[in-house]
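Q: Sharing a structure here in structure tokens format.
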Amino acid sequence: MRTEYCGQLRLSHVGQQVTLCGWVNRRRDLGSLIFIDMRDREGIVQVFFDPDRADALKLASELRNEFCIQVTGTVRARDAKNVNADMATGEIEVLASSLTIINRADSLPLDANHVNTEEARLKYRYLDLRRPEMAQRLKTRAKITSLVRRFMDDHGFLDIETPMLTKATPEGARDYLVPSRVHKGKFYALPQSPQLFKQLLMMSGFDRYYQIVKCFRDEDLRADRQPEFTQIDVETSFMTAPQVREVMEALVRHLWLEVKGVDLGDFPVMTFAEAERRYGSDKPDLRNPMELVDVADLLKSVEFAVFAGPANDPKGRVAALRVPGGAQLSRKQIDDYGNFVKIYGAKGLAYIKVNERAKGLDGINSPVAKFLTADIVEAILERTGAQDGDMIFFGADNNKVVADALGALRLKLGKDLSLTDEDKWAPLWVIDFPMFEDDGEGGLTAMHHPFTAPRDMTASELKTAPEGAVANAYDMVINGYEVGGGSVRIHNGEMQQTVFGILGINEQEQREKFGFLLDALKYGTPPHAGLAFGLDRLTMLLTGTDNIRDVIAFPKTTAAACLMTEAPSFANLAALTELGIQVVKKAENN
């Protein structure tokens, strides 16, 4: 039906007769002439109808936005004064000789001239996706997946599919369950990741695996999370963690070079402990120049319990955050930031305004100045590198509260005061995560997942001192987003059972949930390691949007609902009966 795409016409097509198919993006009726901007997935071109083609002109008068049409005409160069430098096709136009209205459009529920609500955009997603910026994002996503496949193929990885209907295993979030009709009362689980299957593939001898795969997690959603999402899933045998990172870093550098024309360079490597200490986060945004600086040793003897208490507590921390130019902040702004850090458990926000650095104690303004000596102030200013006009904020509490509160404040100030370089790319690897973390109930939970191997520990050593164990794990972070994470896996049955035991999974439960894995570990399991990237998040970064729903064709809301299809929906009674399921209705309040 078409010979060319609208958005691909250029000066090289001048004089050619073309047939285009697409939609009316805009129409301008000048009486004797009618102009339309005609759109398809590749872009927009100007088409005009003149009196010499009376039939086409007459039919064009009926056109309205979003009519689906076919146009045949001749490509012409525009006069110099009419060239539109803002359009890729702005040097040419198409003189229409014939027009076919394939389908008319009713009055549109979305307004192209205004910002539509996200609710309306999701309800009429098929119209929203016609917008050039949305089409471009999905085209970029398609390019990314194509580049990934070619790269992985070139590096000897095999694309192998794993099951969608599998067994529920504890991986941190709730599973989506699928009832079995054949096995009444039993359920499959949709995979949160192909984790165990890709490990089993390593045990099967397929030493380089990858898959672009859907995953499902029934968890409380955030703005950058979806109940179903896509992973670039990777696993290798006989490769060390640095070797895995080297190949995966090369993949991401390849993507940025091909999609953005940007060379990311070599990625720095930082330990989890250093990231938390310097940035208050395990996914630091290195575009932001501010860092947390420990000052507890300077404040142990001050007569101010808010500082002295944590400074003398082995589990406490006192840290300072220097804000360049922050002395300009008003009292109201400071109070607002004080309320902000309370969200993260902080009790308040002490500060020092540096007016004249050279004057020491006399050159600052601070509500806690009366508790500080001139020597202490000088030491704080020296350690933080403070200059005239800076602000120093303090966090004093346990380690977690200080890191969380000042880490979040650092990001907010970076944005509010334009200190974060939005034009920069700042990738890094974060390694050496804790193996376990406190579950809040006196036990331990895996920081990544139960199949991650510890660094340099035997099973007996791990069993004796699990709290201090370091995981052989690694996350890739770009501009403050965790885009991928992985680890070296446990390939020894004794170690795997030890980890299960530390997590409170008894032997009977181990057999019930992971018997197939424990059996497989008995038969010559190779050392293996892997990683998974979030394709949605990678695409979000590469397309410059901050909303993950912008890079998914048909996303869910933060309530895990599809406004277009109205999923989830009630199942009919016959289907439930066949599955042996009875829905229990909540009692209504009287």
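Easy rule for this one: first residue shown is 1, then count along the chain.
Positions of Cβ are set from backbone N, Cα and C atoms, glycine also.
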Q: Per Swiss-Prot, what member of GLN226, GLN496 joins ARG217, ASP218, GLU219, GLU482, GLY534, LEU535, ASP536, ARG537 in binding ATP at one site?
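A: Answer, per Swiss-Prot (ATP site with ARG217, ASP218, GLU219, GLU482, GLY534, LEU535, ASP536, ARG537), from GLN226, GLN496: GLN226.
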Q: Under Swiss-Prot, which of the candidate ranges 59-62, 147-150, 195-198, 367-370 is annotated region 'Aspartate'?
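A: From Swiss-Prot, the annotated region 'Aspartate' range turns out to be 195-198.
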Q: Mind checking how the region 'Aspartate' (195-198) divides into helix, strand and coil residues in DSSP?
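A: Output for the region 'Aspartate' (195-198) reads 4 helix, 0 strand, 0 coil.
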Q: Looking at the binding-site residues listed here (ARG217, HIS448, ARG489), whose Cα lies nearest to that of ARG537 (ATP binding site)?
A: ARG217
Q: Using only the Cα atoms of ARG217, ASP218, GLU219, GLN226, GLU482, GLY534, LEU535, ASP536, ARG537, which the record gives as binding ATP, return the largest interatomic distance in Å, rounded to a whole number.
A: 20
Q: When you measure from the Cβ of HIS448 (L-aspartate binding site), how many other Cβ atoms are you left with inside 10 Å?
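A: Within a 10 Å radius of the Cβ of HIS448 (L-aspartate binding site) lie 20 other Cβ atoms.
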Q: Taking the Cβ of GLU482 (ATP binding site) as the centre, count every other Cβ atom within 10 Å, in any protein chain shown.
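A: That number is 17.
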